[in-house]
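J.: Take a look at the following structure, please.
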Amino acid sequence: MTWLVPLPVIMPLLGAATTLLMFRRPRVQRAISVSVLTATLVVSTFLLVLSADGPLVVAVGGWPVPLGIVLVADQLAALMLVVSAAVTLCVLLYSIGQGGADGDEEHPLSVYHPTYLILTAGVTNAFLSGDLFNLYVGFEILLAASYVLITLGGTENRIRAGTTYVVVSLLSSVIFLAAIGLIYSATGTLNMAQLVGRLDALPDGVRMVLQGMLLLAFGIKAAIFPLSAWLPDSYPTAPAPVTAVFAGLLTKVGVYAIIRTETLLFPGGRVADLLMVAALSTMLVGILGAVAQSDLKRLLSFTLVSHIGYLLFGVGLASRAGIAAAVFYTLHHIVVQTTLFLVAGLIERRGGSTALDRLGGLARTAPVLAILFFLPALNLAGIPPFSGFLGKLGLIRAGADDGAVLPWLLVGGSALTSLLTLYALARVWNLAFWRSPATPDAAPLRSPRLMVTPTAALVVAGVMITLVAGPLYSLTDTVAEDLLARTPYVEAVLP
Amino acid sequence: MRPSIVLLVAVGVLFAAGTTLLLERTLTRVLLGVMLLGNGANLLVLAAAEPGSPPIVGTADQAEMTDPLPQAMILTAIVITLGMTAFLLALAYRSWRLSGHDEVQDDAEDRRVRELAERDEGSDAEDLDTDEAETAEVRT
């Protein structure tokens, strides 16, 4: 069944080509995009089931393994694929609903669908990639698509925000490429399974430089403090669905690359202290930024940065419990953060603005919207029994098990960040939902059912993570075990 | 492997010049910086392969051939850099069409924070004045 592995990359790319050819027929475009992403979701689910027996490996183009490109679907990659496919599908439906309601004026749909599918292909390629250069190509595919999406329509505000985003991303790509060049000179291979033995044989200093460069490149993409300043400046100006999918997926691709390289290529937690200090400052700086914001989308962008700190905390612990919790938290965070940005888009349509001082009384005027915001907000803040609580609990327990000073500091930092997240979101609730109704800036735009339903589906999915938390957590636990053992991956790729 | 020192110095110069240009405010200079950085990275990948005869089967002894893989990777990277350059150029042009210049603007929120800070500075300036007056008194 290994022929399934390349499909999550190939199908969106073919879909992008067909939707581009069909640029005059928006209805056909929509049908193609939706069916392609649905098929991707189905294939990803199959891959998740199949990868339970061991990683599925495909040598693309028939080139023998260390020479050619390999795609590897292990359980971690398959899990990320399933969640990202589900999220991209929901966001696509939401954007179709929005485009339908706005008469397609804000969305030049002929460009939107192909670009969105290419973005998906880049994300899946990065997840499946078994060698570093293909990972770089995956990143470039998704970044190139994201440049187009973030400047969609070419208004002055978006051009300004897009410029920062493009330049920062280009810098991180150059650092990644330079690191690839150095790794190839040092080891003579870029295949991750083959790198395992060869990197271990390198002198400590050289290995540290290579690790540092990769961390720098991925750190910019994952928005880790102090490399995170670009994110809150650039994300909020894009259209709501674009911001939602960026917030959910793009930073997580960076986190995935960090998890993959730190466990497979550079194990042993040599930079654990550095990662944990970065995690602590990301959490605190991010959430303090969120508390100070007066605009909902900017506030959510800052909570996004802040919660990347939790993921990094788990990676920094480098223990089985830590990585298991980090993977669980990543899955939870993709769903919840995307949902909150979609809800912010609905709030903007209802209240005419996302500025908190302009909103008010939405709990009375739009009760469904209030529920849609309330559940993921509690989930993000980590109120029991939601999955946010379970993920944070796992991280805190892993930190306490470690027992050193720095993990204990991070345990305290996690709890504080969680409380401040609750405070920031409660402020949104008080201002936008509970206050007496404000006079909106603009007449409320219609929110068609096609926008509300995918949002509600994601809210339910976020709650569902709690219901399936037991099996899911034991799955992420085996993922962490395999990642730390390294042999299942290496033996699958190089039998 | 013996790396070529000329190639590495060239990489260093390209990276240094590219970084300097990247720190400029105008988008055209940033664009030039990105191009230099991209070419520097490509040269760095090229330096990963030991120089040798062209890697075409039948033309030379296999032991003397250079490693073709970095060249294949550079080709991909060049295409990517080309695409990004074209996009940045379009971005700079659009910015110029919209606002008459291609300088990278501060974020709206950043500008607001700076305005607030400047207002605070006004009150600080008064404190500074009295401080100076006090120090002047001390001096006399």
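Backbone N, Cα and C atoms are what each Cβ position is placed from, and that goes for glycine too.
TrEMBL annotations: computationally assigned, not manually curated.
Not my notes, these are from TrEMBL:
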{"type": "DOMAIN", "residues": "A:129-417", "note": "domain 'NADH:quinone oxidoreductase/Mrp antiporter transmembrane'"}
{"type": "TRANSMEM", "residues": "A:6-23", "note": "transmembrane segment"}
{"type": "TRANSMEM", "residues": "A:35-56", "note": "transmembrane segment"}
{"type": "TRANSMEM", "residues": "A:76-97", "note": "transmembrane segment"}
{"type": "TRANSMEM", "residues": "A:109-127", "note": "transmembrane segment"}
{"type": "TRANSMEM", "residues": "A:165-186", "note": "transmembrane segment"}
{"type": "TRANSMEM", "residues": "A:206-231", "note": "transmembrane segment"}
{"type": "TRANSMEM", "residues": "A:271-292", "note": "transmembrane segment"}
{"type": "TRANSMEM", "residues": "A:299-317", "note": "transmembrane segment"}
{"type": "TRANSMEM", "residues": "A:323-347", "note": "transmembrane segment"}
{"type": "TRANSMEM", "residues": "A:368-386", "note": "transmembrane segment"}
{"type": "TRANSMEM", "residues": "A:406-429", "note": "transmembrane segment"}
{"type": "TRANSMEM", "residues": "A:450-473", "note": "transmembrane segment"}
J.: Hey, which bits of the same chain come close to the transmembrane segment (A:406-429), Cβ under 8 Å, at least six residues off its ends?
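T.: Those are 273, 276-277, 279-280, 283-284, 286-288, 290-291, 293, 296, 299, 303, 306-307, 309-310, 313, 316-317, 356, 373-374, 377-378, 380-383, 392, 395-396, 399-400, in sequence order.
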J.: Pairs 6 or more apart in sequence, C-beta under 8 angstroms, 3 or more of them: is that satisfied by the transmembrane segment (A:206-231) and the transmembrane segment (A:323-347)?
T.: no
J.: Between the transmembrane segment (A:450-473) and the transmembrane segment (A:35-56), are there at least three Cβ pairs closer than 8 Å, leaving out pairs fewer than 6 positions apart?
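T.: Counting Cβ pairs under 8 Å, fewer than 3, so no.
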J.: Do the transmembrane segment (A:76-97) and the transmembrane segment (A:323-347) come close, with at least three CB pairs under 8 A (pairs 6 or more apart in sequence)?
T.: yes
J.: Residues sitting near the transmembrane segment (A:109-127): Cβ under 8 Å, six or more positions beyond its termini, same chain?
T.: 8-9, 12-13, 15-17, 19-20, 23-24, 26, 29-30, 32-33, 36-37, 40, 77, 80-81, 84-85, 88, 92, 95, 99, 134-135, 137-146, 148-149, 152, 245, 249-250, 253, 256-257
